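A short worksheet on the structure shown next.
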Amino acid sequence: MFALARQTLRGHLSGFVAAFVAVFCGSVLITLCGILIDSGQRGGIPPQRYASAPVVVTGPQELYLEFGMTHRFVERVPVPVSHLDAVAKVPGVRDAVGDVTVRAERGTAGGAESLEVHGWSSSALGPITLVDGTPPAGPDEVVLSADTGARPGDTAEIRTGGVATSYRVVGVTTAARDQAFLTDEGARTLSGRPDAVDAIAVLSEPDVSADELAERIRAAVPDVEALVGDDRADAEFLDVGTSRSFLMLIAGSFGGTMLMVVLAIVAVTLGLSVQQRRREFALLRAIAATPRQIYALIASETAVLATVAAVLGALPGVGLSFPLRDALAAFGVIPPEFEFVLGPLPVVVSVVACVACAVVAGVIAARRAARISPVSALGEATREPPRLGRGRLVTGWSLVVVGVVTGIALPLTIGGPTATAGAAGSALLVVIGMGLVGPRLLTMTTSLLGRIGFARPAAGWLAYHTARAHSRRLGSATTPLVLGVTMALVQIATITTTTAATERQLETGLVSDYVLIAPGGVAPEVVDAVGRVPNATAVPVAHSQVLVTYDEWGEQTSEAYSAQGVPPSGIEKVMDLDMRSGDLAGLADDGVAVSEFAARTFGVDVGESLTMRLGDGTPHTATVVAVYGNGLGFGDVTLPNDVLVEHTTSGLNTYVLVRGAAPDALRAVLADHPGVEVTDRNSFVAGRETDENGENAVALLLNLALLAFVSIAVVNVLVLATAARAREFALLRLVGAGTRQVSAMMHGEAAIVVLTSVVFGTLAAVPPLVGISLSLTGDALPSVPPLAYLGVVAVAVVLGWCSIALPTRFALREKPVEAMGVGE
């Protein structure tokens with residue numbers, strides 16, 4: 001059968017070009033998704049400071065969840081200092097070095113320079129030599145890099161959180177300019193965790209392998225991770241693990257959607273190709289070909305075509321991973337040094353997935369050609385069947401109804417991320433359903449246009465009747481354009497709705513006069529100093545993330561949510577959370593406040609308990625004391641400030657909200673706290689929006705790639721459908737129609753296709769957008785900028801019109817007699 005399939009492919013090359021391009025482009029994108037997922041599991045940054053340590057011991061930075069998923073904590077999980085002795089006693093350990101990294105600044109004559117502060121014992125990990133002086137021995141002694149120009153006896157000012165501390169330089173080293181060393185105890189004190197270290201770098205005895213030593217450490221010391229190889233960089237760069245999790249999340253979500261879109265597009269393309277070969281399949285059925293043989297022929301053709309296309313498409317997919325990595329780094333979602341993993345697995349998975357999708361789509365497209373009786377097949381060889389099958393209609397309308405109900409009902413019943421994802425996914429159900437009943441929708445549009453006079457001119461009359469007579473062909477050609485309009489509207493409107501709601505909540509909810517920020521965070525001493533200014537209210541706010549465990553569909557599930565920490569008193573003077581029930585004063589009694597979105601998701605109300613893990617993985621149970629509305633602007637979970645800050649890496653507040661302070665008095669106080677910047681609320685809100693643009697940009701980039709694939713599919717299908725009508729155009733010209741009349745007829749058909757696509761694509765986008773808006777904001781009206789909608793419509797019009805008009809123009813260049821002789 002494969003030999004026959006290769007022969008039929010050679011005989012119908014033009015008819016299979018569209019399917020080839022669809023699978024090729026799909027393979028490009030699926031390969032990219034596979035590389036993202038593979039890099040999310042195995043990619044990262046090679047260890048630098050820890051390169052000389054075969055094993056690095058850290059706290060349990062990951063929590064293993066249900067279904068094999070893991071959650072990586074955004075804050076560093078500390079390692080108790082007491083573990084140093086335990087690790088050092090493990091057989092095969094030559095030395096155990098406790099390391100602490102504190103992000104700080106060094107005051108200079110021109111301002112300040114970024115600085116990493118470590119304990120002196122960690123200097124043994126790198127090629128660091130003491131050039132002059134002695135190691136630090138007292139709490140006020142520091143060793144700097146010789147590149148700074150410092151000399152023993154100089155004074156150095158080190159700033160953290162807006163608090164400056166003077167140290168006496170006792171030595172200089174060959175370390176990098178941004179490296180400084182205190183005593184081990186001094187570094188731990190500066191970090192805010194005097195009884196813990198960030199990690200323990202383990203130096204091994206000769207002839208002891210890293211893997212063997214790591215196993216010994218895991219067995220001897222409980223509740224730690226022993227990292228080897230490139231995984232050691234996870235302890236050195238905390239954001240590497242977060243970047244991996246982000247890659248896994250977005251690639252998994254995008255890859256699933258991509259597979260469904262590829263299946264839908266290839267099914268439409270192959271369905272149109274099968275329709276154009278009605279004569280061939282009718283003849284095969286008439287000479288006793290069985291349905292199984294028809295199925296086998298089409299499946300074999302599709303398998304051969306898809307294999308070649310998928311293999312060729314995987315190559316540019318690998319090549320595009322390099323600019324994609326650079327784009328992700330530019331958007332700030334991965335570190336600039338993050339390296340992608342390029343292995344064979346993503347290519348293999350992409351090829352298998354594309355071939356499987358294509359074969360399934362081919363079998364679906366072959367259904368009528370294989371099952372129809374030989375007599376009926378000959379009858380339908382020159383004209384389309386007048387009606388759609390009952391099964392197709394029932395399936396199509398059922399999918400439309402299920403999609404509409406899912407898009408709106410899920411946010412109203414369960415809420416949360418599941419409801420938001422379900423609402424977004426409902427768009428595909430509606431579009432697939434519309435694709436199945438597409439000929440009916442096209443007939444409806446055509447009939448409506450006929451009633452308003454569309455069929456009165458000669459060209460309009462031809463377009464009107466041709467569209468009704470060939471509704472299957474045009475319906476199939478319309479489906480990709482409907483899909484493109486729907487997906488574009490859903491993706492764009494989801495981002496604009498979320499952004500608009502966040503901006504609105506920030507602008508109305510932030511009622512302070514000033515916002516204080518500093519590199520790395522703001523220390524409590526700054527809050528106390530500003531609080532002593534006459535008439536001033538200074539409220540510290542810390543940001544982090546919590547992992548909340550709750551019941552969903554009768555099962556325990558865990559999800560990460562943004563959290564803020566605020567003091568119970570004074571917060572109402574600087575922040576309006578739009579309280580719906582309860583009171584933030586209850587935070588003082590081990591309470592927690594949640595957004596309305598979170599309350600629906602968790603299924604909790606005021607007075608009920610909520611179980612979570614704080615940013616560093618510490619278990620925490622609190623009583624819900626309030627429910628508020630401004631969750632997008634300020635976070636879905638609000639905890640007492642001291643509870644949240646204690647479990648952050650820096651131990652500092654993210655910013656401080658100030659109200660009532662005289663500007664001169666505020667500046668006078670902050671003169672003693674170098675590095676603290678005063679900004680007004682409008683500038684602060686604009687900065688917060690900029691910080692969130694990175695992940696939105698990545699989502700938009702991937703969705704633009706998906707929409708580009710859909711656009712290519714639109715052009716493919718419409719060009720295929722139009723180019724295959726060369727004989728029809730020739731016949732019209734032979735019976736007296738002019739070239740202009742045929743062109744005008746096709747312009748009329750293009751108008752029908754574009755209008756149908758825009759109208760029903762917009763209608764298909766309404767349920768998911770209403771559901772997404774309800775889930776995220778509680779408002780049924782999504783935010784859709786008029787210019788964005790007009791832009792989507794304009795692109796759809798240009799793609800649809802050009803994909804029909806240009807092939808028509810080329811087809812009309814051939815002489816009618818010659819065109820009539822072209823075989824199918």
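In case you wondered, yes, glycine gets a Cβ from its N, Cα and C as well.
TrEMBL lists 12-37 (among others) with the feature transmembrane segment.
Residues annotated as transmembrane segment in TrEMBL: 246-273 (among others).
As a summary of secondary structure, the domain 'ABC3 transporter permease C-terminal' (253-374) carries 101 helix, 1 strand, 20 coil according to DSSP. Marked as domain 'ABC3 transporter permease C-terminal' by TrEMBL: 253-374 (among others).
The transmembrane segment annotation in TrEMBL covers 294-315 (among others).
Annotation source TrEMBL lists transmembrane segment at 345-366 (among others).
The feature transmembrane segment is assigned by TrEMBL to 393-414 (among others). Panel annotation: around the transmembrane segment (393-414), residues 420, 422-423, 425-430, 432-437, 440, 552, 600-601, 764, 767-768, 770-772, 774-775 of the same chain, lying at least six beyond its termini, place a Cβ under 8 Å from a Cβ of the stretch.
For 420-442 (among others), the entry in TrEMBL reads transmembrane segment.
The transmembrane segment annotation in TrEMBL covers 474-495 (among others).
Among the features that TrEMBL reports, transmembrane segment is placed at 700-724 (among others).
Residue counts for the domain 'ABC3 transporter permease C-terminal' (704-816) under DSSP, split into helix (H, G, I), strand (E, B) and coil, are 95 helix, 0 strand, 18 coil. Feature annotation from TrEMBL assigns domain 'ABC3 transporter permease C-terminal' to 704-816 (among others).
The feature transmembrane segment is assigned by TrEMBL to 750-774 (among others). Same-chain residues lying 6 or more positions outside the transmembrane segment (750-774) and placing a CB less than 8 Å from one of its CB atoms are 403-404, 406-412, 419-420, 422-427, 430-431, 434, 441-442, 445-446, 449, 463, 467, 474, 477-478, 481-486, 489-490, 493-494, 497, 718, 780-784, 793, 796-797, 800-801, 804-805.
Counting same-chain residues at least six beyond the ends of the transmembrane segment (786-806), those with a Cβ under 8 angstroms from any Cβ of the stretch are 481, 484-485, 488-489, 492-493, 496, 711, 714-715, 718-719, 722, 743, 746-747, 749-750, 753-754, 757-758, 761. Per TrEMBL, the feature transmembrane segment maps to 786-806 (among others).
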Which residues of the same chain, at least 6 past either end of the transmembrane segment (246-273), have a Cβ under 8 Å from a Cβ in it?
12, 15-16, 18-19, 22-23, 26, 29-30, 33-34, 36-37, 39-41, 43, 298, 302, 306, 328, 333-334, 353-354, 357-358, 360-362, 364-365, 421, 425, 428, 431-432, 435, 473, 476-477, 479-480, 483, 487, 695, 698-699, 702-703, 706, 709-710, 713, 716-717, 720-721
Grab the pLDDT values for the domain 'ABC3 transporter permease C-terminal' (253-374) and give me their mean, rounded.
81
